[in-house]
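Chemist: As annotated in Swiss-Prot:
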TOPO_DOM  1-28  topological domain 'Lumenal'
CARBOHYD  ASN8  N-linked glycosylation site
CARBOHYD  ASN18  N-linked glycosylation site
TRANSMEM  29-51  transmembrane segment
TOPO_DOM  52-175  topological domain 'Cytoplasmic'
BINDING   GLU120, GLN123  Ca(2+) binding site
Amino acid sequence: MDKLADLNYTLSVITLMNDTLHSIIQDPGMAYFPYIASVLTVLFTLHKASIPTMKIALKTSKCSYKVIKYCIVTIINTLLKLAGYKEQVTTKDEIEQQMDRIVKEMRRQLEMIDKLTTREIEQVELLKRIHDNLITRSVDVIDMSKEFNQKNIKTLDEWESGKNPYEPSEVTASM
């Protein structure tokens, strides 16, 4: 842990890596050198940061397998992000949670589709009944005896007072 916080140690390791790369690659003006140095620096930093963190996590945690798995997945995801990939590595637990969420969403959508289908079937049946009621049927002779307005017709002689009760009469209003 002391060496992790020691800036001189970290700088000396970076200088050592740079000197090693310069000795391996004879051409100091090589175009890929800054990228290689950046990757090696990131790997070194991850190495120095992850080992003490994992040691502390393993000592304090009871389930060491999950901690190691989580640390490794986090490190791999960090490396993938640094490399420019948008994909991420997931554990089985995360995959199962996502699958459960997807299955719940699919069930909800299937129930909605079922309700909509039932409503559409009911609407089609209603439209069929309305269409059947609106179809005009040809009738040769119209039976007027069943018409409502033809039942109780009285002539002027059949009225009791001899006057048409529906005829308006004069009304005088006092002022």
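Using the three backbone atoms N, Cα and C, a Cβ is placed for every residue, glycine included.
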Chemist: What count of other C-beta atoms do you get within 10 angstroms of the C-beta of GLU120 (Ca(2+) binding site), across all chains shown?
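Modeler: 10, counting other Cβ atoms within 10 Å of GLU120 (Ca(2+) binding site).
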Chemist: Please determine which of the recorded positions listed here (ASN18, GLN123) has the lowest count of neighbouring CB atoms within 10 Å.
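Modeler: Counting other Cβ atoms within 10 Å of each of the recorded positions ASN18, GLN123, the minimum falls on GLN123.
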Chemist: Over the topological domain 'Lumenal' (1-28), what is the model's average pLDDT?
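Modeler: On average, pLDDT over the topological domain 'Lumenal' (1-28) sits at 64.
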